[in-house]
């Protein structure tokens with residue numbers, strides 16, 4: 001049952017089937033069935049997973065032997081939470097589109113992208129990692145371009161070229177590393193064993209770092225992100241922010257830092273400073289936004305900045321915080337965007353000034369929105385708390401000032417999130433809010449699941465932390481960064 | 001050898017069919033002939049290769065692989081010709097004959113073992129093309145293309161011939177093995193004449209493959225010629241010229257890398273940037289493809305630069321990927337132009353809605369040309385980059401990567417038009433069976449090569 005390749009292929013089959021479905025209703029149910037099936041097939045992996053530092057469920061098939069390329073996939077404590085996140089969020093995202101009329105092609109692209117993402121998170125061969133990295137990009141480009149807003153053409157092309165340029169740099173680094181491997185392969189372990197001099201590692205660091213920093217995005221590589229999030233259709237935004245940006249963080253942990261530790265000790269501080277600048281900068285901008293989608297886009301930059309800072313301090317607390325916060329951020333951001341979708345569809349606008357007073361007419365939405373926001377700002381007993389706590393504890397070891405600035409994300413986050421809540425939900429009920437329809441049906445189902453996860457992880461995060469604990473502490477022991 | 005003889009006879013036969021007005025038999029006879037040639041090439045595959053005809057030609061794996069590739073691509077192009085040439089002129093036999101003659105020349109270029117054979121091959125290949133480029137007698141652009149191609153081609157042939165003569169003057173032989181021996185025995189004390197000969201050869205061959213700074217004829221000739229002739233020029237002829245280029249340099253000038261590698265490096269960088277930046281500002285899809293073919297010439301020169309064990313394999317994969325994707329793109333262009341009367345990017349508007357499958361295969365072709373994973377073009381680029389990096393040309397690869405990113409702009413232009421923009425008249429375009437076959441074969445090959453290229457990567 002535990003065939004990882006099958007898990008990866010299942011969404012592709014779904015996508016191929018969906019490509020021929022014209023009717024919206026059928027397409028939705030097929031997409032949902034396939035995504036739930038994929039999620040169900042993930043459960044046996046979770047059950048059989050032994051939470052130690054080893055790679056499990058490995059499959060290694062020669063793919064292009066003449067070039068030393070293997071189809072080598074496997075799971076460990078670092079990749080499993082992200083695989084669960086991917087397979088768990090995709091059904092929710094599909095469910096969140098049930099209020100719209102979408103053809104099969106839309107869902108086909110989504111499922112195709114899911115395979116790309118899973119490939120990124122499970123690949124133990126650098127070539128395979130690159131392939132997954134790129135094939136996750138093509139579907140999201142089309143999703144944004146076909147179903148996006150007015151400026152979609154310019155914005156999505158910018159997004160594509162930005163990320164593609166970054167990944168080309170990474171490709172050069174990967175091929176260069178390959179030429180250094182005596183046994184001529186792209187295996188992750190071979191890359192780990194390389195004994196590169198400091199100068200080379202510096203170049204390798206930058207090539208990988210730029211690719212990952214664009215994807216996350218870190219300041220100052222973030223300029224594509226707010227525009228793309230705003231122009232993309234809501235499901236596309238959810239995929240981008242909920243799952244895709246974790247590709248960058250995962251890349252840092254799995255590829256960049258273990259391969260080029262000397263490069264990191266040289267430039268890790270700089271990366272951390274960039275992350276912290278990003279936190280403060282994005283929070284300030286988020287505070288001034290009227291457009292809800294743009295506000296959440298900037299809040300996402302701030303949150304991912306904290307995660308990146310936690311990764312670069314390279315200690316167990318910071319990394320564990322990053323691992324759990326990646327999952328949390330995925331859950332929260334999808335909830336936030338879904339609320340924005342529901343509200344802005346009924347108001348015909350995303351501007352905060354046009355809204356207000358929804359809480360009176362839509363009490364259910366008001367409650368779930370509040371819980372999601374509390375989760376996003378990290379109130380105790382919600383999911384965000386444990387993640388941010390661990391991250392700050394990790395960052396604190398790098399210095400008190402870094403921790404203070406990084407800690408601003410929580411304070412500023414609370415400010416702009418609560419301001420958003422106030423603007424949308426509270427205040428006077430205007431004409432449009434008077435006829436506001438409360439959430440029901442599939443919307444309620446999505447929110448119920450999200451709220452359950454937010455509270456569940458908030459109250460008892462141990463199982464999730466336990467998954468990655470051994471792998472993370474092993475990694476920190478193996479790879480020493482001399483700051 | 002039988003393949004070359006078959007093709008020569010086939011071309012003459014096709015001319016006779018024209019005289020007897022058997023127009024309907026032209027395509028099938030040509031295709032059967034090509035098939036026969038293909039079979040002859042395949043039968044030689046496992047045999048021990050020796051230079052034959054006094055060392056004139058050598059059918060080793062290198063030459064056979066490239067021969068098979070170009071015969072196959074010619075077959076695809078001929079399939080597209082049904083209904084295409086009829087619209088241009090009443091005497092269509094000569095088109096088929098000329099294309100087959102040109103292919104015969106191309107086969108000589110990929111299997112030469114003697115510099116005189118290289119020259120003769122290039123001439124046979126080119127002379128037929130001079131006529132083909134100008135075959136639309138009443139069309140000014142076509143006339144201009146033909147004249148330009150002829151003048152530039154004659155000029156470059158002059159360089160080539162002069163280079164060969166200088167090499168002969170130094171080494172007293174046209175034979176590749178003897179020249180190689182001459183280089184080995186006299187290494188370090190080669191006369192200036194010999195170096196001048198190499199230089200002239202580089203100039204002449206760079207003309208033929210359309211590498212900068214000798215590329216000025218390419219856009220006008222590609223743009224002015226009938227689309228199908230452009231397809232032939234940018235795939236078969238280009239592949240053959242590159243194979244000849246690589247064969248010559250791998251066999252003879254391997255030890256003189258310190259002399260010509262810097263020259264080639266500069267040429268590659270100029271070619272990449274000129275091709276890509278000019279392609280950016282084009283309004284016509286056809287002209288964009290012409291400039292993109294210049295930039296692809298830059299990537300293909302990587303193989304000559306590196307000459308590692310895998311260079312020939314990388315060249316083969318790249319040439320196959322590029323040719324297949326180009327045939328795909330040009331085939332769709334022919335259909336679109338026939339129905340919407342324009343070669344501009346706007347003509348493709350709304351194709352994603354009216355002809356989803358055609359739009360899909362064109363997208364595949366563009367992704368392949370842009371080098372996105374799971375398409376053939378990515379494997380080609382990947383192998384070229386690997387070759388260059390294993391020889392530590394890191395700066396060159398970084399520049400090439402910048403160019404690959406620039407390439408996205410113009411390759412995605414047509415994708416954007418097809419899917420994201422609406423057409424004024426959005427009627428469905430009907431395509432006939434032959435086109436469907438070619439589109440299907442080319443799209444399937446692009447994917448197969450992209451997903452499982454192993455059978456091709458170590459063929460040579």
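From the backbone N, Cα and C atoms, a Cβ is placed for every residue, glycine too.
TrEMBL annotations: computationally assigned, not manually curated.
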Task: Range annotated as transmembrane segment in TrEMBL, from B:28-45, B:118-135 - done: B:118-135
Task: Spatial neighbours of the transmembrane segment (B:192-214) far in sequence, C-beta under 8 Å, 6+ residues away - done: 122, 126, 152-153, 155-167, 169-171, 237-238, 241-242, 244-245, 248, 253, 256, 259-260, 263-264, 267-268, 270-271, 274-275, 293-294, 297-298, 300-301
Task: Chain residues outside the transmembrane segment (B:147-172) and at least six past its termini with a C-beta under 8 angstroms from it - done: 115-116, 118-119, 122-123, 126, 129-130, 133-134, 178-179, 182-183, 190-191, 193-194, 196-205, 207-208, 214, 216-217, 220-221, 224-225
- [ ] Go through the chain and flag residues at least 6 beyond the ends of the transmembrane segment (B:259-281) whose CB is under 8 A from any CB in it; none is fine as an answer.
- [x] 195, 198-199, 202, 206, 211-213, 215, 219, 249, 253, 288, 291-299, 301-302, 304-305, 393, 396, 399-400, 403, 406-407, 409-410
Task: Segment-segment contact (the transmembrane segment (B:433-452); the transmembrane segment (B:92-112)) at 3 or more Cβ pairs under 8 Å - done: no
Task: Spatial neighbours of the transmembrane segment (B:392-412) far in sequence, C-beta under 8 Å, 6+ residues away - done: 265, 268-269, 272-273, 275-277, 279-280, 282, 288, 292, 295, 298-299, 302, 305-306, 366-367, 369-371, 381, 384-385
